[in-house]
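Following: one structure in structure tokens, then a few remarks.
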Amino acid sequence: MEKRIVCLAGDGVGPEVMESAKEVLHMVERLYGHHFHLQDEYFGGSAIDLNGQPLPQRTLAACLASDAVLLGAVGGPRWDSAKERPEKGLLALRKGLGVFANVRPVTVESATAHLSPLKKADEIDFVVVRELTGGIYFSYPKERTDEVATDTLTYHRHEIERIVSYAFQLASKRKKKVTSIDKANVLESSKLWRTVTEEVALRYPDVELEHILVDAAAMELIRNPGRFDVIVTENLFGDILSDEASVLAGSLGMLPSASHAEKGPSLYEPIHGSAPDIAGKNKANPIAMMRSVAMMLGQSFGLTREGCAIEEAISAVLKLGKCTADIGGTETTTSFTKAVMQEMEEQALVGRGR
């Protein structure tokens, strides 16, 4: 297989974890006979430094022409007083790609379950599906004076149906349960959300549907996260709840994410930030970035075997006690990456020898 991947290393630890992603992709090429054209483009703060814009037209054009986009990290205090903020580029990139579904799998490795703030953390295995293009972040009017400020929360039927349908399709391949999170006891937009969700559910009779109000959901994520399979919710609620859920893994450096469009390339990125305090020190945890690569291989390219090989190698290395500093170890970004690559190679040799 031959695919073109645009690599947006971005800021902070982004270039370091992106290098890990590239090395893993090169290992996949060697072991499985694929070829990936990796195209580097400027994005975020590094792009602002170059030409004053966080998302240059050249970068967006390259992304649109690609088969998938990998993003390292964006932002940092260096650009806090800049006219253009790096994070603005991320919103523009999502809009330019037309991605509407943000997918965050939340799992806990048995080898690192002790780092989770919860007991029985190794029972956690769910996915948060967040609507990305509607809701209060993108609705108008937005107004502010010295005395009053106004934001508008709007959702259209087709936006709700699109994201909920995606969640049901995903659940049908997992444990067949969808939890829809809203505030239908108060918000008109949530009442429409619940109505449309129930209509979509009729098309998936083998998938269980439950509704939970967002405040109760925030509590249940901590009290009983094992009850969830696929969570689907609107933009603001998803923004908050997915960050809450990410803490369950014990480190932000463990979890990947994907953002999908109806057509065109998807965007894959770790959920952690740019971590400027450790940038350039070879301390960043590359697991979330490598898992983002695994998601890309499976979800965009249909290379499930190759994606699983990366995941299995990561788990095997962790079970050997090899961990980066954020999860209680002494491995560097490069040494952990090399350990995963070696494990991938060894597992491939064992598989071929059977």
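Counting begins at 1 with the first residue displayed.
Each residue, glycine too, has its Cβ placed from N, Cα and C.
Annotated features, as they stand in Swiss-Prot:
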BINDING   76-87, 273-285  NAD(+) binding site
BINDING   Arg94, Arg104, Arg130, Asp215  substrate binding site
BINDING   Asp215, Asp239, Asp243  Mg(2+) binding site
SITE      Tyr137  site 'Important for catalysis'
SITE      Lys183  site 'Important for catalysis'
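Sequence features, as recorded in Swiss-Prot, placed on the structure.
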residue: Gly76; record: NAD(+) binding site; contacts (Cβ under 8 Å, 6+ apart): Asp11, Gly12, Gly45, Pro86, Ser274, Pro276, Ala279
residue: Asp80; record: NAD(+) binding site; contacts (Cβ under 8 Å, 6+ apart): none
residue: Glu84; record: NAD(+) binding site; contacts (Cβ under 8 Å, 6+ apart): Ile48, Gly52, Gln53, Pro54
residue: Arg130; record: substrate binding site; contacts (Cβ under 8 Å, 6+ apart): Ala101, Asn102, Val103, Arg104, Val232, Thr233, Glu234, Asn235, Phe237, Gly238, Asp239, Ser242
residue: Tyr137; record: site 'Important for catalysis'; contacts (Cβ under 8 Å, 6+ apart): Asn235, Leu236
residue: Asp215; record: substrate binding site; contacts (Cβ under 8 Å, 6+ apart): Lys183
residue: Asp243; record: Mg(2+) binding site; contacts (Cβ under 8 Å, 6+ apart): Ile271
residue: Gly273; record: NAD(+) binding site; contacts (Cβ under 8 Å, 6+ apart): Gly12, Ala73, Gly75, Leu252
residue: Lys281; record: NAD(+) binding site; contacts (Cβ under 8 Å, 6+ apart): none
residue: Asn285; record: NAD(+) binding site; contacts (Cβ under 8 Å, 6+ apart): Val17, Ser251, Gly253, Met254, His272, Thr324, Ala325, Asp326, Ile327, Thr333, Phe336
**Asked** What is the interatomic distance between the Cα atoms of Arg94 (substrate binding site) and Asp277 (NAD(+) binding site), given in whole Å?
**Response** 27
**Asked** Per DSSP, to which secondary structure element type does Asp80 (NAD(+) binding site) belong, with helix, strand and coil as the options?
**Response** coil
**Request:** Indicate the candidate from Asp239, Asp277 with the smallest number of other Cβ atoms within 10 Å of its Cβ, considering only these binding-site residues.
**Result:** Asp277
**Message:** Between Arg94, Arg104, Lys183, which of the recorded positions has its C-beta surrounded by the fewest other C-beta atoms within 10 Å?
**Reply:** Arg94
**Item:** Listed in sequence order, residues not in Asp215, Asp239, Asp243 with Cβ within 8 Å of the centre of the Mg(2+) site Cβ atoms
**Value:** Val214, Ala218, Leu236, Phe237, Gly238, Ile240, Leu241, Ser242, Glu244
